[in-house]
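Colleague: So TrEMBL has the following annotated:
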type     : residues : note
REGION   : 1-42     : region 'Disordered'
COMPBIAS : 33-42    : compositional bias 'Low complexity'
DOMAIN   : 116-528  : domain 'Amino acid transporter transmembrane'
TRANSMEM : 119-141  : transmembrane segment
TRANSMEM : 147-169  : transmembrane segment
TRANSMEM : 204-226  : transmembrane segment
TRANSMEM : 271-291  : transmembrane segment
TRANSMEM : 353-376  : transmembrane segment
TRANSMEM : 402-422  : transmembrane segment
TRANSMEM : 443-464  : transmembrane segment
TRANSMEM : 470-491  : transmembrane segment
TRANSMEM : 503-529  : transmembrane segment
Amino acid sequence: MDEIYGGKGEISSLPITPRSSAMAPPIPPISAPPSQFHSPSLSRSPLLLESPIHQEKSLSTNIHTPNAKTPNSRLSLTPRFLTPLGSPVRKIIKMTKLETHHDDPDNWLPLTESRNGNAYYAAFHTLCSGIGIQALVLPVAFTILGWTWGIISLTIAFSWQLYTLWLLVQLHESVDGTRYSRYLDLFTAAYGGRARKIIATVPIVYLSAGTCIALIIIGGSTMKLIYQTLCAGTCSNPKPLTPTEWYLVFTCVAVVFSQLPNLNSIAGVSLIGAVTAVGYCTIMVVVSIIKGRIPGATYDPVDESSDVLKIFGQLNGLGIIAFAFRGHNLVLEIQGTLPSSEKYPSKVPMWRGVKLAYAIIAMCLFPLAIGGYWAYGHMIPENGGMLSALFAFHSRDTSKTVLVLTGSAIVVNAVCSFQIYGMPSFDDMEQRYTNRFHKACPWWVRVLTRLFFGFINFFVAVAIPFLGSLAGLIGGLALPITLVYPCFMWISVNKPKPHSAMWYVNWGLGILGIALTCILVAAGFFTVINTGIKVSFFKPK
C-alpha cells in the first residue's frame, strides 16, 4: 500500500507550487527539500518556509499524535477510496466556505484544490471518462469498415491512445519539476500562448462543454425511453413530458451533482459512473448475443456509386472510432489530484490506475463493437447505435426490467460523466474570478457559475439536438488532442536524441495523426454534405 499512497515520506512531501519573487516573503537562505514538485500557479507552499528542525518536529507530531489529520493518515478506519462519498456532501449541506491552504491560487481551484488522491481515484476517473456514450456507436463504424478493417482500426486506435496517454503521464512533471495539472498549461509550456489560442483551445473546449451537451441529449432521450417503456400504454397521464422537458430534468439533476467542490471530491461519483458504464455495456452485449442475429442482418460492404464515395465513407468510419476514444484532456487534470515528491512521483500511482482502468475499458469496448455488429449488422441505427438497437429490436422479446435497468445505467453514467467533463470548465471560470479578486470563490459564486454552465449547455442541446449525427466529423476535430499533440509535446519538452527510437516513433505518429486529422475532417464534411442530416434547430426528438 505504501506504493499507492506514497509511503511515510509523503507526510512532508505534499505538492507545492512556485511563487514569483514579487509575491514571496523574504526568507533566510535555507536548504529546501529537493523532493518538492511545483505547478505553474506562481506561488510557493509555506512548507518550504519551515526550517529543517520545524519540519522534523511537524513530522514527529503527525506520526505520534492520534488526532493528527494528514492526507496520508494511517489511523483512519475508513478506506480512502470511500471518503469522497461523504465529506463533500456535508460541505454542500452546511454551505461552509471550502478550506484553502495558504495563499496558493492552485488551492482555490477545483482541479488542484485537493491533492490527496491515490491510484484508486485515478482509476475511477479514467474509467468513467474512458467509457461513455461514444462507445455505443462503435458498431456503426464496423458497418462501413467491415470485419477485418474494423477490428484492425479499433485495435490500432486503442493502442495509440494508450501510448499517448503514457506520454502525458510522464510529461506531467517533467519540465524543471513543474507540475502541469491542466492540458492547456502543458501545451503552453511546450509551444507558447499563441499556438495554444490557435490550435488547442477550441478542441479542448469542445471536449469539455461539447461532451456535456451530448450527455444532456443522450441522458434526456434515454429518460424519455425509460418512461415510454414503463408506461407502454398503461399510464393515464394525457400529456407526457416533451423531449425539451426531459432535457431539462436531466440538466437539473446534473447541475445538483456539479456542486461537489473539486475533482477529488467526485471520485465516488466517478466510481458509480464507471460501474454503470461497465454494467450497460455488459447488458447490451449479453442481450445481443443471447437473442442472436436479427433477421436481415448482413455484413457485406456497402456498395457506393463511386470510388470517391467509398473512400470518404471508410474515412468517416475511422472518424467514428476516433470519436469513441477521447478523454485525454482530463489525464493531466486527474494526475494533478495526486500527491507527488521526488521519491514518490505522481506518475507511479497514476499509471497503475490507468493500467487497471484501460484493462476494463478494453473488455468493454471490443465486445461491444464486435458483438453489436454481429447481432445487428447493417441494421444497427446510425443515431444511438447500440442503445437505439436494443429498444428498437428487443423491446418486445426482452423484459422491461432489463430495458429499464440498461436505460437507468446510461442515465446515471451520463450524470456522473457530466461532472468530470465539466470540471475543466468549472476550473476555468473560477480561475478568472481568482485572478481578478485574488481570493477563492465564495460558495455562492461557485454555485452560480455551475448553474450558468449547466443551463447554457441545456440551451445548446435544445438548439442543436442533431449533434450525434456529426460523430465522424467531431471525432476528426478532436483527434489531435488525443493522438497528435502528446507526441509533439514529448519531443518539445524532453528533446529526445535525433534519430533515436522515441524520436522516430513520436515524429511518425505525430505526422500521421495530422494527416489523418485533415483527411477525417474533410471526409466528415463530405459525408454530411453528400448524405445530409436532418437539421432541426430547437426541435429535439
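The backbone N, Cα and C atoms fix where each Cβ goes, glycine too.
All TrEMBL annotations are machine predictions without curation.
Have a look at these and tell me how they're positioned relative to everything else.
Modeller: Here the transmembrane segment (119-141) has long-range neighbours at 4, 80-81, 84, 150, 153-154, 211, 214-215, 218, 263-264, 267-271, 273-274, 277-278, 281, 284, 317-318, 320-321, 323-324, 326-327, 330-331, 334-335, 337-338, 349-350, 352-354, 356-358, 360-361, 364-365, 368-369, 372-373, 376, 380, 382, 384-387, 389, 410, 413-414, 416-417, 420-421, 468, 471, meaning same-chain residues at least 6 beyond its ends whose C-beta is under 8 angstroms from one of its own.
Residues 132-133, 183-184, 241, 243, 246-251, 254, 326-327, 329, 384, 387, 391, 403-404, 407-408, 410-411, 414-415, 417-418, 421-422, 424-425, 453-454, 457-458, 460-461, 464-465, 467-468, 474, 477-478, 481, 540-541 of the same chain, all 6+ positions outside the transmembrane segment (204-226), place their C-beta atoms under 8 angstroms from a C-beta of that stretch.
Among residues of the same chain six or more beyond the transmembrane segment (271-291), those with a C-beta under 8 A of the stretch's C-beta atoms are 81, 124, 127-128, 131-132, 135-136, 357, 360, 364-365, 367-368, 371-372, 374-376, 386-387, 389-390, 393-394, 397-398, 402, 405-406, 409-410, 412-413, 415-417, 419-420.
Counting same-chain residues at least six beyond the ends of the transmembrane segment (353-376), those with a Cβ under 8 angstroms from any Cβ of the stretch are 119-124, 126-127, 130-131, 135-136, 138-139, 141-143, 147, 150-151, 154, 158, 162, 165-166, 169, 274, 277-278, 281-282, 284-285, 288-289, 291-294, 297, 299, 324, 331, 385-386, 389, 393.
Listed as Cβ neighbours of the transmembrane segment (503-529) (distance under 8 Å, sequence separation of 6 or more from its ends, same chain) are residues 160, 163-164, 167, 311-313, 315-316, 318-319, 322, 469-470, 472-477, 479-480, 483-484, 487-488, 490-491, 496-497.
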